[in-house]
């Protein structure tokens, strides 16, 4: 009896250790998100003629490779932080009417425990934050904010019968390369979660790339536009968020695939396969997940869900923002509040605007 009991205890201990190790690995994969609170606009400090890295508290959350990348690209820290801030705002906008509305908190793991799960929401978080870094860095290059990159000047010469390449194209290639080196370096291991995170990181970057658009400026007598100068411009980040939100809704559930044990092609051995064999394998643009999402209806410290109690809902909507769905069938309360706003504004020449104060009564519905 003692032998089997000891064996079971050892197995349980090993399982617990593995779970703890997984939790640490998951938390580390998103530690760099903590730099969102880095306030400085530069990562450089000149001291006695030498350039040194500012020891911001948030930088302690970065890996050695990430700190090296920041050091090698003066000015890029602000771009990374700005890109992450854009990603958070976009995430909260896209999910503002959902049970999970992309809540954030102070601290290194700004998205909370939901990133410990392999669900759709985690997939979107990784994709949108990766896209945010790529988008912000590419734009900063063309703005001259980063010392190690400039506009993309590779497109030069004739582009068509009535236009040619010129101007300052946003440097999407530098943005993608830096984003891959910086963001992906926080992922460790070869398990399903590792593959999922890397796939969604790349999907975010590819979305920024695929949404690039050509812009042109006309030249000619009296605006005749006989010749046009064109360049490549980044999409708005709202456009990136819209595309990723559509891919969130159509995300592919995957399992861990293994092609064999050929050491010569070890990188290709581990891959993602659709859970349903009848489905097509996910494309590089698709978001992937491997775990069903919680219902997000109630608070759970273990799951990292805040619940929907107290959330504002639309009593007349049959959609996801409606009280029936958002409140998970628990019902809702109705209250009124008086709001004073500026109204009936008039412009007086020159240059003054006068307004009245109007008080309105608003009807609010909140989930129980």
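Every residue gets a Cβ built from N, Cα and C, even glycine.
On a predicted model such as this, the values are computed, not experimentally measured, just so you know.
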Practice task
With Swiss-Prot open, pick whichever of 41, 142, 222, 300 is annotated O-palmitoleoyl serine.
Solution key: 222
Fill in the blank from the handout: For the disulfide-bonded residues listed (151, 343, 367), most other Cβ atoms within 10 Å of the Cβ sits at 367
Completion exercise
Nearest by Cα to residue 230 (disulfide bond), of the disulfide-bonded residues 149, 313, 343, 355, is 149
Fill in the blank from the handout: One of the disulfide-bonded residues 225, 343, 350, 355 has its Cα closest to the Cα of residue 216 (disulfide bond), namely 225
Completion exercise
Taking only the CA atoms, the spacing between residue 358 (disulfide bond) and residue 313 (disulfide bond), expressed in whole angstrom, is 25
Problem - Distance [Cα-Cα, Å, rounded] between residue 367 (disulfide bond) and residue 151 (disulfide bond) - result: 49
Completion exercise
argmin Cα dist to residue 323 (disulfide bond) over the disulfide-bonded residues 91, 141, 151, 168, 351 returns 91
